[in-house]
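Note sheet for the following structure.
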Amino acid sequence: MADKKKKNLPPIAQKYQSFQDKREVKRPVVKNCIKAFFVGGFICFIGQLITTFYIHFFHFTEQTAGNPTVATLIFITMLLTGFGVYDRFGQFAGAGTAVPVTGFGNAVISACIEHRTEGFVLGVGGNMFKLAGSVVLFGVFSAFVVALIKTLLSNWGVI
Amino acid sequence: MIFFWAFVVGGIICVIGQIMFDVFKLSPGHTLSILVVAGAILDGLGWYDPLIDFAGAGATVPITNFGNSLVHGAMQEADKHGIIGVITGMFEVTSSGISAAIIFGFIGALLFKPKG
């Protein structure tokens with residue numbers, strides 16, 4: 001894709017592009033991955049603590065305990081985002097904080113808080129899913145396609 | 001032991017996300033969308049439930065579980081009502097994530113003022 005983009009540019013811009021590529025700071029991939037591994041693992045560890053709590057005290061099963069765990073984690077995210085701590089974690093950990101469900105919660109909640117000055121209807125209501133909307137859209141659509149295929153196959157007796 | 005596997009599996013999924021960030025230079029929005037779609041497909045193949053049994057929160061906390069539980073809801077309802085159930089049951093299982101995000105997002109907007 002990058003090559004195609006380069007071809008359409010005038011020669012001076014191509015020169016600039018290669019100059020820029022040379023000067024671009026290399027991302028410390030391994031270091032970032034290690035950080036993401038430990039922070040992400042730690043969030044899932046806390047999730048496991050909450051899950052165990054729900055299984056023992058509220059009689060959820062291993063499969064259904066995921067739901068209250070997610071809700072609890074999003075509640076904790078609300079507090080951390082509101083006090084401005086979460087984005088500092090996010091800068092440190094990259095995908096470690098973005099990939100767990102707390103990242104989804106943070107996207108919604110930070111959009112809510114950010115647009116509050118524009119009013120509750122047009123600001124908060126309208127911009128709530130500004131960042132998280134793509135996750136909902138592609139999640140729902142892919143789930144629709146997968147479930148449709150599975151249902152049709154089982155109706156025809158293939159599986 | 002499940003605590004250890006939750007840590008490891010959750011960490012590995014985050015590393016996959018980090019590699020998409022750094023190596024393939026995708027935006028967080030693209031990365032999360034791909035992971036959600038991957039979760040839905042894995043559940044369609046029937047591989048996600050064994051992973052939850054094995055790793056617990058390591059599989060239910062990452063965003064891939066969102067796609068997984070969407071498919072679960074749709075399939076549950078589809079077993080009862082046929083093809084219509086795919087639409088009506090979509091949010092059956094995953095409602096907690098969406099409703100928690102909306103409710104706590106609004107409460108957050110009421111309580112906190114934007115910074116910076």
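Note that Cβ sites are derived from N, Cα and C of the backbone, with glycine treated the same way.
TrEMBL labels come from automatic prediction, so no person has curated them.
As given in TrEMBL:
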- A:36-57: transmembrane segment (TRANSMEM)
- A:69-86: transmembrane segment (TRANSMEM)
- A:93-111: transmembrane segment (TRANSMEM)
- A:131-153: transmembrane segment (TRANSMEM)
Recorded stretches the transmembrane segment (A:36-57) and the transmembrane segment (A:93-111) touching, at least 3 CB pairs under 8 Å: yes
Chain residues outside the transmembrane segment (A:93-111) and at least six past its termini with a C-beta under 8 angstroms from it: 32, 35-40, 43-44, 47, 70, 73-74, 76-78, 80-82, 86-87, 127-132, 135
